[in-house]
Amino acid sequence: MVQGTLEVLLVGAKGLENTDYLCNMDPYAVLKCRSQEQKSSVASGKGSDPEWNETFMFSVTHNATELIIKLMDSDSGTDDDFVGEATISLEAIYTEGSIPPTVYNVVKEEEYRGEIKVGLTFTPEDDRDRGLSEEDIGGWKQSS
């Protein structure tokens with residue numbers, strides 16, 4: 001089983017639907033890979049074209065098949081608004097190693113709501129880095 005670190009570079013978004021009618025929205029992203037979830041900073045007052053340029057690290061195995069990035073609008077005093085989400089397949093990253101910042105569609109209720117730019121890098125974890133010997137992985141260990 002391939003195991004390692006997925007590095008996600010959240011660059012920015014463009015053309016997002018503004019959920020605040022009186023002023024620019026304050027977008028942030030929630031990144032989820034299987035059970036791990038991380039949150040970006042809030043791009044205060046950046047409206048429909050926020051930039052983050054933030055990096056997030058996830059511990060993954062090859063059975064983590066997708067990264068979901070949910071975009072939200074931070075609202076004080078009321079619940080945050082859901083702007084849309086992008087689902088990114090991770091299958092290519094395990095063979096390619098890295099994917100430069102690429103544009104993905106942001107969707108809400110099956111409709112296009114803008115785009116998000118994300119870069120991905122996968123670094124496999126060497127079994128020796130985890131302190132395991134060949135005998136510890138799927139085999140019998142000779143007792144003395």
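Note that Cβ sites are derived from N, Cα and C of the backbone, with glycine treated the same way.
According to Swiss-Prot, the feature domain 'C2' maps to 1-103, an assignment based on sequence analysis. Annotated Ca(2+) 1 binding site per Swiss-Prot: D20, D26, D73, D75, in sequence order. What Swiss-Prot records for D20, D73, D75, D81 is Ca(2+) 2 binding site, and it gives sequence analysis as the kind of evidence. Annotated phosphoserine per Swiss-Prot: S40, in sequence order. According to Swiss-Prot, the region 'Disordered' annotation covers 123-144.
Location within the structure of each feature annotated in Swiss-Prot.
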| residue | record | Cβ within 10 Å |
| --- | --- | --- |
| D20 | Ca(2+) 1 binding site | 15 |
| D26 | Ca(2+) 1 binding site | 21 |
| S40 | phosphoserine | 19 |
| D73 | Ca(2+) 1 binding site | 20 |
| D75 | Ca(2+) 1 binding site | 13 |
| D81 | Ca(2+) 2 binding site | 17 |
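Taking only the Cα positions, the spacing between D73 (Ca(2+) 1 binding site) and D81 (Ca(2+) 2 binding site) is 5 angstrom. When the Cα atoms are compared, D20 (Ca(2+) 1 binding site) and D81 (Ca(2+) 2 binding site) turn out to be 9 Å apart. D81 (Ca(2+) 2 binding site) is 7 Å away from D75 (Ca(2+) 1 binding site) when you measure Cα to Cα. In this structure, the CA atom of S40 (phosphoserine) is 12 Å away from the CA atom of D26 (Ca(2+) 1 binding site). Excluding the listed site residues D20, D26, D73, D75, the same chain places T19, M25, P27, S74, D80, D81 with Cβ atoms within 8 Å of the centre of the Ca(2+) 1 site Cβ atoms.
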